[in-house]
Amino acid sequence: MPLEPCDPHTHLTLSPPPLGYDDDQGDYLLQVKDHLQYRYEVGETLGSGSFGKVVKAKDHKTGDWVAIKIIRNKKRFHTQALVEVKILEDLRAWDPDDTYNSLRMTDHFYFRNHLCVVTECLSINLYEFIKQNQFHGFSLGLIRRFTSQIL
């Protein structure tokens, strides 16, 4: 079968096509078992919000489970995330022995134009706990326990 001649009206473009790693909002399109930085293996999605997504991942260097916040590939979210990284770096420097039990950032990096912030994988957050309690109040004893952990 002979080859068809090239269409003379077809134009070549020098810009590469989109790689397809992001959705329309700039969120990174993740799959379970994806690897980030050849180190972190994506498990489940823990949450998502206006900033991006948080996933649980296995750190193959340490063997620990970590949480990775993958920031949307949009300038305004990136700028705010850099402030968060700076705050987490300062907290780590001011409390190297983890005396005050603040969230520990263990790493941050760029992956396919997304800033990724790696932290220890903690349990439920306060909002989710309140939601699970159907937005009812808590006992004074429980409030004291929360307060002592914060202070």
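Every residue gets a Cβ built from N, Cα and C, even glycine.
According to TrEMBL, the ATP binding site annotation covers Lys69. What TrEMBL lists as domain 'Protein kinase' is 40-151.
Across the domain 'Protein kinase' (40-151), DSSP assigns 38 helix, 38 strand, 36 coil. As a whole-number mean, the pLDDT of the domain 'Protein kinase' (40-151) in this prediction is 93.
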